[in-house]
Structure formats: C-alpha cells, structure tokens
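Feature list (source: Swiss-Prot):
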- Asp25, Asn27, Asn29, Glu36: Ca(2+) 1 binding site (BINDING)
- Asp65, Asn67, Asp69, Lys71, Glu76: Ca(2+) 2 binding site (BINDING)
- 12-47: domain 'EF-hand 1' (DOMAIN)
- 52-87: domain 'EF-hand 2' (DOMAIN)
- 123-239: domain 'Calponin-homology (CH) 1' (DOMAIN)
- 267-378: domain 'Calponin-homology (CH) 2' (DOMAIN)
- 397-506: domain 'Calponin-homology (CH) 3' (DOMAIN)
- 518-627: domain 'Calponin-homology (CH) 4' (DOMAIN)
- Ser268: phosphoserine (MOD_RES)
- Ser293: phosphoserine (MOD_RES)
- Ser326: phosphoserine (MOD_RES)
- Ser339: phosphoserine (MOD_RES)
- Thr391: phosphothreonine (MOD_RES)
- 109-382: region 'Actin-binding 1' (REGION)
- 383-627: region 'Actin-binding 2' (REGION)
Amino acid sequence: MDEMATTQISKDELDELKEAFAKVDLNSNGFICDYELHELFKEANMPLPGYKVREIIQKLMLDGDRNKDGKISFDEFVYIFQEVKSSDIAKTFRKAINRKEGICALGGTSELSSEGTQHSYSEEEKYAFVNWINKALENDPDCRHVIPMNPNTDDLFKAVGDGIVLCKMINLSVPDTIDERAINKKKLTPFIIQENLNLALNSASAIGCHVVNIGAEDLRAGKPHLVLGLLWQIIKIGLFADIELSRNEALAALLRDGETLEELMKLSPEELLLRWANFHLENSGWQKINNFSADIKDSKAYFHLLNQIAPKGQKEGEPRIDINMSGFNETDDLKRAESMLQQADKLGCRQFVTPADVVSGNPKLNLAFVANLFNKYPALTKPENQDIDWTLLEGETREERTFRNWMNSLGVNPHVNHLYADLQDALVILQLYERIKVPVDWSKVNKPPYPKLGANMKKLENCNYAVELGKHPAKFSLVGIGGQDLNDGNQTLTLALVWQLMRRYTLNVLEDLGDGQKANDDIIVSWVNRTLNEAGKSTSIQSFKDKTISSSLAVVDLIDAIQPGCINYDLVKSGTLTEDDKHNNAKYAVSMARRIGARVYALPEDLVEVKPKMVMTVFACLMGRGMKRV
C-alpha cells in the first residue's frame, strides 16, 4: 500500500474499505473488474439509466485502474475513495456500495463489531429470515433449544452458533444433503460445535453457496452480515428449487408467441418469476412490472396477483379463497401494503415482507415473497395442444449439478443457473481459470452488456480465448474442442473442459498443502492405502474405478483414520449389502467427510455407482484434510 494512501486513512476506515471491497469483489480474487461493478449497480437498485451506469463504470476504471491492467486492486480501490472522493462519479459509487444489501456503512453509523470495525446489516432481512426459519422448524424437536426466535432481538445470531439450525435449513432447501446421523445434537462442546459448523459450511458449499469468506468461527461468533449472507443463499436455493422447467412443466404456459421451449429454459429463476407475475397481471388487465422493487411499492400489482392466483374452488377438495380488493383504494401506501399482506395471509403467504419492505421496494425480500407465492399457488396449467418438444425437459444430470454447484460456491458471476446456456459467453470459465492460477488478460475479454448487433461474435471471441488458455498455459487435453463448441452449448465438449477445471482445482489444493509437490491419481491412491494401512484398517482401493468403493467402507475407514474415533461404526453396514445399505453408507460417508472439514462436492450416488471422476474428488479432498493434521 503506498504511503500517500495510508497517511490519510485510519485503521478503522481501512477495515471498512476492506469489507466493502470484499462485497464488490464477487469472485474473491482480490480484484474488481467491470462486470463486478455492473453487478454492484444492478444490486444497489439505483434509478440510473443503463448508459449512465456504463459511463460511471468506464470513468471508475479509467481513474481507478492506475496500472491499467483492466481491473481494480485494493490499493486502487482505496485511492478512488481518497482521491476521487469529491467527484460525482465517486459519490455515486459510494452510494451504490452503501445501498448494496448487507454492506458495511461507509462513513455511516452501524453496529460495531468486536474488532471495532463497522458492519451494518439489514434489520429487515433479520426480521424476515427469523420468521421464515421459525415457521420452517417449528415442529423440529432438535431445534427446541432455540426455536422460536424473537425477530426483534439478536436471537438469530446466537441460534446459528451450534450449527444445528443451519444444517436443518440446508436440508429443507435441498432435501437429503446432510445425513441427520452426522449432526451432533447432544453434549455440545466447542469441538463438537466446530464439527457441526464444518458440516454446515461444507454442505452449503456443496449445494452451491458461496462460502469462501465465511469460517466456522464467524458463525460461532454470530457475525450478523456473514450469517445473513449465508442464510439468504440457503433460503434462496430452496425458494428457487422448483422455478425450473424440468421440475415444473406448467411453466411452459409462460411461453410467448414464437418463443421456443429452449429459449424459455435459458431464463434465470428471477426472470421466470417476473414472467410469471406478468402473466397473471396481464390476465387481470393490470400493467406489467419490470422489477420487484420500484414497480411494486404501491402494492397494487400485488393485489391483482393475489386475486389471480387465489384458488377459485373449482378443483375437487380445493376450498375457494376470496381476496378482498377493498384495500386497493386505500390512499396511504403503508396502509395499502398492510391490507394487501392481510390478503396474502389468507393464502398462508404472509412471509418475508413487512408493509415497510413493500413500500421501500426491498428487492431481496420482495423477490422472496413472490417466490413463496409461486411455490404455494403457481396457478398455471401445462399447455396441451401446442407444438412443444417436451423431450428437451430432461433436467440436469447429477454430474452437471455438481459442476454447477462447484462453480457457484467459488462465487463466479453471473450465477450459473443452467450449465450450458450460462457458459456460452465463457465469462464464468475465464473466472475459473483465475481460480486455478491461470492468468487471464481481462483486456482481451468482451463483457456484457453485449451490443444488440454482433453479440454472439463477442461471446464467441471469449470462447476462443477460453480454449486457447486451456491449451497453452493450462495444458489441458482439448483435442477437438473449439470456442464454437462452448458457444453452441455442446454438452459433451463443455463438460470435458469443465471437468478438467474442477480436477485441476482439486489437485491445486493438494499441491498447496504438499509444498508444491505434484499430485496425480496414483499419488492419491497410494496415500489412501498407506493411511488406511497405518491406521490398521482392512480396506484398500486399487483405483478410482474399484468396484468395492460402492460400499463406501474405504471412505468411512479413511475418515476414521484421519480423525480417529469420529465414525460411529454401529451406523455402518458391512458384509453383503443391499442397495439401500450402500446408499445409507455413502450418505453417512459424504456427510462425515464434510463434518471433519473436507469440502466434498460429490453425492452419495457417485460412491454407490463408483463414478471415477467424482470418486477421485472425494479421496483428493480427504487427502487434503489428512495432510492438514497438526
């Protein structure tokens, strides 16, 4: 950090800036590039036209990026705040950062954390999440010690401290992610709590949460902004799970004239929700909305939406629910919002927003409110007579989902909702190269928003660059793979590249732990067998294709060898195993691996079916954890 910047800045201010930098630096690579700035302005929900935002970003990059490497380092970020403070551009930038949900108040007032730095957090989010979690876990005997929480106090930040609530919420969002037998529920010593928090964090990572900046100690301390950030990711994954065509074919009712199913499938859950709300608003004769913030502040669109989706009592066993529209004409916005929420309550959907959240247009909480409405009352009918190719709706394979969750857990941006469609401009792939220490020259990369004309050309250039990096600096085997294949969304060839990225990422972790010694399959297999042997275990593996792996006994034994005594062998079946036995062993093995601190992305089925690629990642993660033994 150069002297000039440091002399004018206090330690508290510096910590604050670090906090802000981390929030803008979505992929946590230590630099901010222009697409991250675009995201910041998008999330801050500022009433600026697109061209204005582009202008501001260009100016920030021009003034801030002093060494002209196409990205802003932390030093340059500090410089923007110190030197460019007075300019309108910097003021707008600071406003965007302060408005971004859950960000520290730069030069504002907020709760002081233990280190004396400022972290603000959204009281509205806390209130909303507490009510949602209270409802979700009200009948769970394992949570009686903390549920119900008081939404008006700091109960939430204490309640997540032992990891149980987090594990339960993860399972509600993606059922069966965590084997309940692996959650420590009794005699909660600090060590046992640490294990639960490991289990929660590594499982959150496996379902696609970005947890790079969150440690178990942050959760134990109940750091508000980190707790809320993690909970929002977990809750959102659950809310969005069914807003996806392959899991909900009735969404095809939202097809527009001349639109193909393939085009509809490329929409993100947020875009589909907006399309869904507008479908019902159109049927009610009300005007379209463009967002879940400014356009819903007067609650009028919500009144019409509720009236459209409320059950009309026409199906068998379905009671009719009438929405009272009289509050629509209320003159006061807050009273109108309250009246609307009372109607939502009739549908059992008074969740996530208070009248004030509606009137202020809180984008995050309104999105959650609408997603919950969709999940309870989609009010869509699958189109029967149209010429639709339903075979497209196969849904993603396990392998595709694992790759997607791995990418999202690393904080790539934009978020990957659809593996092939969302990689077609290669931006995500280029960010993954950075994660595996392959330098990317961002000045060569075309970034959104792409021009209307020639957009695909810009994306194709990125794809060509991604393949070029794979062949040369990364030394991947990419025979027969060209940029066009990524741009076309060719599944086999895209997967081939993505697997090599994930494999390299996994091996890099091992090499970092092993003082730079190269790691490969043979080294991992021999380490596994040596470790099992030294611990007096009778299991061993020949390779990652070894059929005996399907019992998961070698994995379970290895976990017990790494952390002696952690496996409860009463829960492990051996001898002649049924498919159910194998599945239960695998489920326990994956959760226990995560509990002792291995970030395993694979699924129990990968072990049962002995999928060599995923099996390799499991053993590599365990080897990494084993090498960390102090």
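Here the Cβ of each residue, glycine as well, is placed from N, Cα and C on the backbone.
Listed recorded positions near Ser293 (phosphoserine): none (candidates Glu36, Asp65, Ser326; Cα-Cα distance within 10 Å). Neighbour counts of Cβ atoms within 10 Å were compared across the recorded positions Asp65, Thr391; the minimum falls on Thr391. The record gives Asp25, Asn27, Asn29, Glu36 for Ca(2+) 1. Within 8 Å of the mean position of their Cβ atoms, the other Cβ atoms in that chain belong to Val24, Leu26, Ser28, Gly30, Phe31, Ile32, Cys33, Gly411, Asn413, Gln431. Counting Cβ atoms from all protein chains shown, Ser339 (phosphoserine) has 20 others lying within 10 Å of its own Cβ. Fewest Cβ neighbours within 10 Å among the recorded positions Asn27, Asn67, Ser268: that distinction goes to Asn67. Summarising the environment of Asn29 (Ca(2+) 1 binding site), the number of other Cβ atoms within 10 Å of its Cβ, over all protein chains shown, is 17.
Here the binding-site residues are Asp25, Glu36, Asp69, Glu76; the one with the fewest Cβ atoms within 10 Å of its Cβ is Asp69. Glu36 (Ca(2+) 1 binding site) sits 10 Å from Lys71 (Ca(2+) 2 binding site), taking the Cα positions as reference. A separation of roughly 32 Å, to the nearest angstrom, links the Cα atoms of Asp69 (Ca(2+) 2 binding site) and Ser268 (phosphoserine). When the modified residues Ser293, Ser326 are compared by the number of other C-beta atoms lying within 10 angstroms of their own C-beta, Ser326 comes out lowest. Ranked by Cα separation from Ser339 (phosphoserine), the binding-site residues Asp25, Asp65, Glu76 are led by Asp25. Straight-line distance linking the Cα atoms of Asn29 (Ca(2+) 1 binding site) and Lys71 (Ca(2+) 2 binding site), rounded to a whole number, equals 11 Å. Considering only the recorded positions Asp25, Asn27, Ser326, Thr391, the residue whose Cα is spatially closest to the Cα of Lys71 (Ca(2+) 2 binding site) is Asp25.
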